[in-house]
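Asker: Let me begin by handing over the structure; questions about it come next.
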Amino acid sequence: MRLRSKKWAVPFIDEHPDLIIKDQRAKQLKGSWSSVFGNNHPLYLEIGSGKGQFILDNAIKYPENNFIGLELQPTAVAIAGKKAFKQEPQLANLKLILGDGGDVSDYFADNEISKIFLNHSDPWPKAKHEKRRLTAENFLKSYSKILLPNGSLELKTDNLGLFEYSLSSFKKFGLSWPEEQISYDLHHELKKNPVNIETEYEKKFAEMNQPEYWIRVNF
């Protein structure tokens, strides 16, 4: 969902380059993210991080890991940045990239990422837009490059069509998963993902008793 532009967003982004990293600089940091964080802790990436609540909650809960939220909309990135700055002390394990997730290998080197999160991605329901879906083959090829061996991807969506398309796409790509790593109603099967952190959309859909589809696949 595209947010209404906020006049303060771009100035805020410009004022906080240590937290919010713009596209060109992020590309220059490819392969060097450990130096950005000052350690070699596992690096987790959310593609399409929106207003940032999910990636922020992860960074708070898991200080032993590093987290990056990749988002195209400046207003969304700025809102996420404001949330991060409200944390005391400041989160040293969180960065935001203002950039396009069309090819994540532009930003990350081979085997640089431990896990990728896709949360409530645009389903792009029209057949002519298939290649824009974040679980299409062209995206999976990029993910397979940047993920560590046996690195994982977690997908959560309320859109059954996108979920079933993703399952088919994963299988065609040669991926498989055990029964305990897939759910057609996650909130009633939390034993499969007991450390689940809800997204903003997920909370809304749960209140409407709408099922949350979830899968974790290893590359």
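Quick reminder: no glycine exception, Cβ is built from N, Cα and C everywhere.
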Asker: Can you tell which of Glu46, Glu88, Glu112, Glu137 Swiss-Prot lists as binding S-adenosyl-L-methionine with Glu71, Asp100, Asp122?
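Answerer: Matched candidate out of Glu46, Glu88, Glu112, Glu137, per Swiss-Prot for S-adenosyl-L-methionine with Glu71, Asp100, Asp122: Glu46.
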Asker: Would you mind pulling the DSSP three-state label for Thr199 (substrate binding site)?
Answerer: coil
Asker: Quick one, of the binding-site residues Glu46, Glu71, Asp100, Asp158, Glu202, which Cβ has the fewest other Cβ within 10 Å?
Answerer: Asp100
Asker: Looking at the binding-site residues Glu46, Glu71, Asp100, Asp122, which has the shortest Cα distance to Thr199 (substrate binding site)?
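Answerer: Of all the candidates listed, Glu46 is nearest in space.
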Asker: When you tally the Cβ atoms that lie within 10 Å of each candidate's Cβ, which of the binding-site residues (Asp122, Lys126, Thr199, Glu200, Tyr201) has the highest tally?
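Answerer: Result for the most crowded candidate: Thr199.
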Asker: I'd like the per-state residue tally for the region 'Interaction with RNA' (128-133) from DSSP, helix first, then strand, then coil.
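Answerer: Tallied per class, the region 'Interaction with RNA' (128-133) gives 5 helix, 0 strand, 1 coil.
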Asker: According to DSSP, which kind of secondary structure is Lys126 (substrate binding site) found in, if we only use helix, strand and coil?
Answerer: coil
